[in-house]
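Marked as domain 'Cytochrome b561 bacterial/Ni-hydrogenase' by TrEMBL: 7-175. What TrEMBL records for 46-65, 91-110, 116-136, 143-165 is transmembrane segment.
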Amino acid sequence: MTDQTTRFNLAMRVLHWSMALLIFAMIFAGLTMVRALEPWQLTLLGLHKAFGMLALLLLLLRFLIRIKSPTPSLPSGMSTIQVKLAKLSHWLLYVLMLIIPTSGLLMQYYAARPIVVLDLFTIPAAMVPHIEYFAVFREGHGLAVLLLIAVLAVHIGAALYHHFIRKDGVLKSML
Ligand code: HEM
Ligand code: HEM
């Protein structure tokens, strides 16, 4: 759905920036916790799982809002292929934001480790561990994160290029 609006609506902007912050923190926490054997490692892992579930919940809300919201068109100076690549990269980001927490969830399910979300509730797991499935989802989680980091580098680079070089309204549409 596209119309003449020049900015994403408030809900989309709030969700974009709060989720960006959350995802950066999750990547940082994930990379730190798998490389440490300190006593805080397990606390961080618990927080990683709980906030990862929050990221999944926020994403579902964002999908619902996205399909009901008009979005600003990209600048008319962009070629058809650039517009297509921009749209593709956004959908790739959405797909990765779905795959990453889902693979984390399934990894824990097949490890037979229930997820305790901040002592509020527990997401149940398989009764017995299935090491092969656990390994597949663990590998998938790590690979999807690497792809996310690569796509984000392009995403952030593109936003800065639009703002400082092309000086069009793309970054402003999300501010
Ligand atoms: C936005 C969501 C998430 C992001 C960005 C994220 C990111 C990461 C990263 C960067 C790592 C380190 C990977 C490595 O270097 O091997 C990691 C590991 C891990 N994540 Fe996540 N994660 C997310 C959600 C979740 C969720 C929802 C769960 C489970 C409920 C989870 C469970 C784990 C576990 C158990 C590990 C350790 C895997 C191992 O032992 O190697 N993650 N995550
Ligand atoms: C410093 C970091 C970031 C900057 C400067 C930035 C900038 C932007 C800008 C300017 C747009 C609008 C693009 C357009 O109109 O075509 C946008 C859209 C988007 N951003 Fe980011 N972003 C950042 C971080 C992130 C992160 C961490 C994620 C998720 C992992 C993300 C996911 C998205 C998605 C999915 C859209 C498409 C919105 C839609 O059309 O529904 N961004 N971003």
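A Cβ is built for glycine as well, from the same backbone N, Cα and C atoms used for every other residue.
Counting Cβ pairs closer than 8 Å to the transmembrane segment (91-110), the top stretch among 46-65, 116-136, 143-165 is 46-65. Within the same chain, residues 46, 49-50, 53, 105-110 sit at least 6 positions outside the transmembrane segment (116-136) and bring their C-beta atoms closer than 8 Å to a C-beta of that stretch. Mean pLDDT across the domain 'Cytochrome b561 bacterial/Ni-hydrogenase' (7-175) comes to 96 in this model.
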